[in-house]
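What follows is a set of notes on a single structure, which appears directly below.
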Amino acid sequence: MSLFLKPFLFLYDTTLSLLLLLFNGWSLEDTAAAQKRREADKNAAETEWIQLQYLWTKTRSVVLLPVFKGLVVMCLVLSIIVFFESFYMNFVILFVKLFKRKPHKVYKWEAMQEDVEVGPDNYPMVLIQIPMYNEKEVFQLSIAAICSLVWPSSRLVVQVVDDSTDPAVREGVDVEIAKWQSQGINIRCERRDNRNGYKAGAMKEALTQSYVKQCDFVAVFDADFQPEPDYLIRAVPFLVHNPDVALVQARWIFVNANKCLMTRMQEMSLNYHFKVEQESGSTRHAFFGFNGTAGVWRISAMEAAGGWKSRTTVEDMDLAVRVGLHGWKFVYLNDLTVRNELPSKFKAYRFQQHRWSCGPANLFRKMTMEIIFNKRVSIWKKFYVIYSFFFVRKVAVHFLTFFFYCIIVPTSVFFPEIHIPSWSTIYVPSLISIFHTLATPRSFYLVIFWVLFENVMAMHRTKGTCIGLLEGGRVNEWVVTEKLGDALKSKLLSRVVQRKSCYQRVNSKEVMVGVYILGCALYGLIYGHTWLHFYLFLQATAFFVSGFGFVGT
């Protein structure tokens, strides 16, 4: 029976298979045709892939490579420009130190003394403005320091320009003013019912008060600045004895520089700005940008140049450029220091850097033609203001730092045909970094961290610069930099230590750039033949640390 069972089962399976094929609409001819179609589709796909490869190769060689090469050349040119600008300024500082070209030797300076007959009336009338806006943590320190300045009380007017909208802050300011008035200080508070023009608008309106007309000079101190008692004694004589001097600017020092690593980085950058940029400008050209605070102005020079204007968010720089174009001289005093506080929160620092980069770029856009057609100053000074002061320091350095070191250099791993010379990626940035750290010797060991952090911040500065040049949507955005009042930190400890959630700490832009640089680093590690991936891994880490909120307090 088994002899008949096996053939039967074979026939049964074969018949069932054929029925299933027929039931699904298949046939032996269809199966063969399907095989041919699959082969044809495969060949077509291979052909399309070859065509895509050819198209990509052609696009890469004809479009992408030339464009990328052009961007590299542009960045190399900017590297040379920025390097020589930094070298020039440091050379000027070396000259100042070797030949001891202090302001006291260049300009006339004599100590102010009371006249035997008229008493303190031979002292000029000085107005001190303290602009503030809801800065409850720091205003007491500033008012106390300013009311303690050594100057005849009959020749001094302290003006608190309070734009605060918080009733508690207003009340606190009133209490502080009443306290000092009871001690014989001529201190007043000026308020308005709007915030038109922000800081510039407030100070401009305050200068229209009748009692200001008797004043010769005006000193400006932001709400977190604490001058030493001898500030006016040391600064005002330059204005009294040199009628062509319009501004005397002091150097900032920082009470919370050791708060965290971010404040140490800020100290390095700002020390370079004051000790190198400001002093070289003062020495070589008698011109620099007013820092908005810790300076004394000649009121007549301000008025001749049009006074405060609120057309940009850098009203201080705007005023300085206009006064400088009228032929006035500026004096920077490196040994006269004023204490103040650095922003210790990353968000506050980002807002500050946006304003400090957007405002100058926008002012550059607005004033270029005005500078070119100015007839009061020399061609050399106009060239210095346009090229060195604005283009190199306010535009080129930001574009170079971000686009070259965070975009072009990482992307170069995909274009091995293009060689980026080592002088532009190693020697030039190393020398520029050394120039910067010389202004803060105690932080020399932090130079690597400073470079990586500056590259991260260059993203925000470049964005702000583009908005300023193009007059984008945030061009006139004004956000008061938040300060924690470190001198009062014991009172604020419970508020400062509050932790943000993980989601609130994430900064998406930094994370996205970090992901891109990390991808370039991995590609360079696997396929590259250069050392770049070492730098790229470090830079990606810096973006991730900032992106996930592990910067600042």
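Numbering starts at 1 and runs along the chain as it is shown here.
Keep in mind that glycine also has a Cβ here, set from the backbone N, Cα and C atoms.
Database features (Swiss-Prot):
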TRANSMEM  64-84  transmembrane segment
ACT_SITE  Asp163  active site
BINDING   Asp222, Asp224  substrate binding site
ACT_SITE  Asp316  active site
TRANSMEM  395-415  transmembrane segment
TRANSMEM  431-451  transmembrane segment
TRANSMEM  510-530  transmembrane segment
TRANSMEM  531-551  transmembrane segment
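Everything Swiss-Prot records as a feature, shown here on the structure.
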{"residue": "Asp163", "record": "active site", "Cβ within 10 Å": "20"}
{"residue": "Asp222", "record": "substrate binding site", "Cβ within 10 Å": "24"}
{"residue": "Asp224", "record": "substrate binding site", "Cβ within 10 Å": "25"}
{"residue": "Asp316", "record": "active site", "Cβ within 10 Å": "20"}
Pairwise CA distance, Asp224 (substrate binding site) versus Asp316 (active site), rounded so that it is a whole Å: 17
Asp163 (active site) and Asp316 (active site), distance between Cα atoms, whole Å: 18
For the transmembrane segment (431-451), distant same-chain residues with Cβ under 8 A (at least six beyond the ends): 82-83, 86-87, 90, 261, 264-265, 267-269, 271-272, 274-276, 538
